């Protein structure tokens with residue numbers, strides 16, 4: 001008994017294998033091409049259901065699904081498969097595959113090895129390897145409109161279609177006619193959305209139709225985005241894309257029709273598997289023979305019995321009559337419409353002498369009939385996402401306040417320019433530094449302002465020129481201090497402001513040249529950017545963009561600023577030996593560079609990490625404000641504080657001496673030895689040598705035990721008094737006896753007693 005069961009199982013397995021083979025005894029291979037993914041819950045999903053149904057009925061193991069659309073993409077993807085694999089049957093489901101599949105059929109019609117047969121959308125003649133199929137899309141849309149006319153409560157219905165050039169609006173006309181036949185009072189509105197699959201446009205267009213009062217909305221789209229939008233508003237809807245929506249959404253679907261592609265594809269696939277090349281086309285429609293009936297109709301419990309009965313009566317009428325005499329081909333509106341739009345009426349005789357059009361003329365219907373309200377192509381308007389107005393106002397107000405403070409500082413410098421604290425720092429260069437800060441502030445206001453090509457260029461020009469002016473003036477004026485005080489030979493040096501102006505100008509000229517290159521070759525302009533940051537699909541933001549040449553130039557500008565900062569570091573390090581606080585700005589420069597370095601330490605990781613444009617702008621502008629404001633405060637607060645502490649009317653050249661550096665001491669000692677020569681030179685020495693040795697060193701430590709120490713200290717202080725006044729004159733370019741910095745040896749007793757040098761360690 002067990003042996004008999006084993007034999008029966010083997011026989012069944014063999015029969016199953018034989019059924020999977022075609023007439024030549026090889027495995028049957030089938031491919032279906034889809035224009036979109038099967039999860040559209042519409043046309044493509046139902047096509048795939050047809051493939052599955054054929055595969056089950058014919059027990060096809062190698063049944064593939066390929067998503068591709070368009071002639072070129074279809075050729076590129078499918079042809080290698082045809083050449084390298086023995087494919088028997090290809091179903092080209094979409095009109096986007098038609099041209100490519102016809103090309104394959106013609107190319108391989110008499111090919112010795114490629115015996116593939118192709119099933120394409122159309123109604124033309126068949127060949128040995130080309131079969132065409134179609135379905136009556138007019139009849140299902142006519143019946144959907146018929147239902148809409150029966151069910152509407154507002155007498156307003158709507159429709160969505162792809163529209164030309166994808167497809168003419170003949171199907172829209174069929175829907176409208178169905179409603180018009182049963183409800184002459186109907187008002188009809190429709191949109192084109194540009195494609196069979198455009199959920200964004202269909203959702204927005206559906207909302208518009210709902211706002212117009214439409215309570216039933218149909219469509220000829222591939223997906224169910226319109227129906228989902230309607231249900232999200234709390235309404236029930238109809239399913240008009242060939243998918244049995246009631247299976248998913250239940251009683252929210254008032255009415256739907258579903259395609260049964262298995263009934264259409266199965267006879268054709270059986271013929272191909274049997275090796276028959278005398279092919280005939282396939283067509284899907286309402287049919288009295290249920291095995292051939294292509295459409296399955298379903299209703300919700302909310303639909304009245306009267307509506308269902310009238311629907312069934314009309315469907316029976318369509319099944320019982322030739323489709324060429326159906327109402328959408330033959331009605332009283334056609335004569336006037338065809339005449340107006342240069343279309344032809346059918347000349348074929350019909351029953352009861354009906355006035356009709358043929359199918360080719362039907363497909364040319366596109367302009368609306370009287371009573372159809374065409375709302376046009378629904379274009380989704382792009383929405384600009386603007387920079388936050390509150391942030392923009394915050395930056396602008398803050399920067400405006402800082403500009404006002406900076407202007408007050410400039411006025412203060414002019415007012416107190418005669419005070420030692422200001423005179424020693426070169427007032428004209430102080431104002432240059434402040435002017436550079438104002439330019440940077442203006443650039444930041446432009447940076448957060450409305451975006452345009454002009455503002456994209458202006459903000460870079462302003463910010464770079466501002467920093468060049470600020471940093472360049474700071475470096476150049478302190479370069480003069482270094483040259484005067486870092487003087488091992490203790491020679492008299494005169495450097496006027498007019499001699500320094502070209503150096504500041506050179507810093508600006510370099511900046512201008514680099515920015516001119518960026519402007520000319522960088523193609524810096526404002527563009528409307530989409531798909532950036534967290535923007536929606538139909539949102540855009542105005543941003544500044546430059547090409548690679550512009551980016552390279554910008555990096556060069558940044559390198560130039562880095563070099564300028566390095567020079568500033570060098571100068572600040574060199575002037576650290578200056579013992580007079582008014583002339584020593586090494587601390588201010590160092591603190592400014594520290595602030596810049598701190599910002600770079602924070603900003604670089606932030607800029608490298610993903611940032612949206614608004615966050616990037618906030619970071620850059622905040623950094624620019626901080627660097628500029630910190631630099632100005634670090635440089636100018638001590639100066640104004642000294643003016644406040646000493647008094648605005650202080651006429652004394654009252655310098656503060658800080659603790660001497662070891663470098664200054666060493667240089668002073670070297671200078672003293674070179675200038676004294678021997679003991680006989682006594683008290684007559686170079687005055688600048690004396691001031692360096694006396695004011696910039698701590699000689700009390702090196703001369704302990706000298707019985708004349710107190711007298712020497714007095715002599716050095718007196719010499720320092722005269723030379724300090726001379727040095728101050730060099731920084732102000734004022735006409736005086738010391739402007740040329742050339743001093744004759746005079747007796748110490750001749751020094752003016754009003755010039756005082758204070759030791760900062762003993763003077764608070």
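Using N, Cα and C of the backbone, Cβ positions are placed for all residues, glycine too.
Pulled from Swiss-Prot, these are the features on record:
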type	residues	note
SIGNAL	1-20	signal peptide
TOPO_DOM	21-393	topological domain 'Extracellular'
CARBOHYD	72	N-linked glycosylation site
CARBOHYD	260	N-linked glycosylation site
CARBOHYD	278	N-linked glycosylation site
CARBOHYD	344	N-linked glycosylation site
CARBOHYD	379	N-linked glycosylation site
TRANSMEM	394-414	transmembrane segment
TOPO_DOM	415-427	topological domain 'Cytoplasmic'
TRANSMEM	428-448	transmembrane segment
TOPO_DOM	449-464	topological domain 'Extracellular'
TRANSMEM	465-485	transmembrane segment
TOPO_DOM	486-500	topological domain 'Cytoplasmic'
TRANSMEM	501-521	transmembrane segment
TOPO_DOM	522-552	topological domain 'Extracellular'
CARBOHYD	547	N-linked glycosylation site
TRANSMEM	553-573	transmembrane segment
TOPO_DOM	574-587	topological domain 'Cytoplasmic'
TRANSMEM	588-608	transmembrane segment
TOPO_DOM	609-617	topological domain 'Extracellular'
TRANSMEM	618-638	transmembrane segment
TOPO_DOM	639-764	topological domain 'Cytoplasmic'
REGION	664-764	region 'Disordered'
COMPBIAS	671-690	compositional bias 'Low complexity'
COMPBIAS	707-719	compositional bias 'Basic and acidic residues'
COMPBIAS	731-748	compositional bias 'Acidic residues'
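Sequence features, as recorded in Swiss-Prot, placed on the structure.
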residue : record                      : Cβ contacts under 8 Å, 6 or more apart
72      : N-linked glycosylation site : 100
260     : N-linked glycosylation site : 50, 284, 293, 294, 295, 296
278     : N-linked glycosylation site : 128
344     : N-linked glycosylation site : 338, 357, 361
379     : N-linked glycosylation site : 201
547     : N-linked glycosylation site : 521, 522, 523
- Any contact, the transmembrane segment (428-448) to the transmembrane segment (553-573), with at least 3 Cβ pairs under 8 A: no
- Query: Quick one: do the transmembrane segment (618-638) and the transmembrane segment (501-521) have at least 3 Cβ pairs under 8 Å, skipping pairs fewer than 6 apart in sequence?
  - Reply: no
- In terms of Cβ proximity under 8 Å, which residues at least six beyond the ends of the topological domain 'Extracellular' (522-552) contact it? 200, 380-386, 451-453, 455-457, 460, 612-614
- Message: Which sequence-distant residues neighbour the topological domain 'Extracellular' (449-464)? Criterion: at least 6 residues beyond either end, Cβ under 8 Å.
- Response: 387, 392, 396, 439-440, 442-443, 511, 514-515, 518-519, 524-526, 542-544, 554, 557, 561, 624
- Task: Run through the topological domain 'Cytoplasmic' (415-427) and tell me, per DSSP, how many residues are helix, strand and coil.
- Result: 6 helix, 0 strand, 7 coil
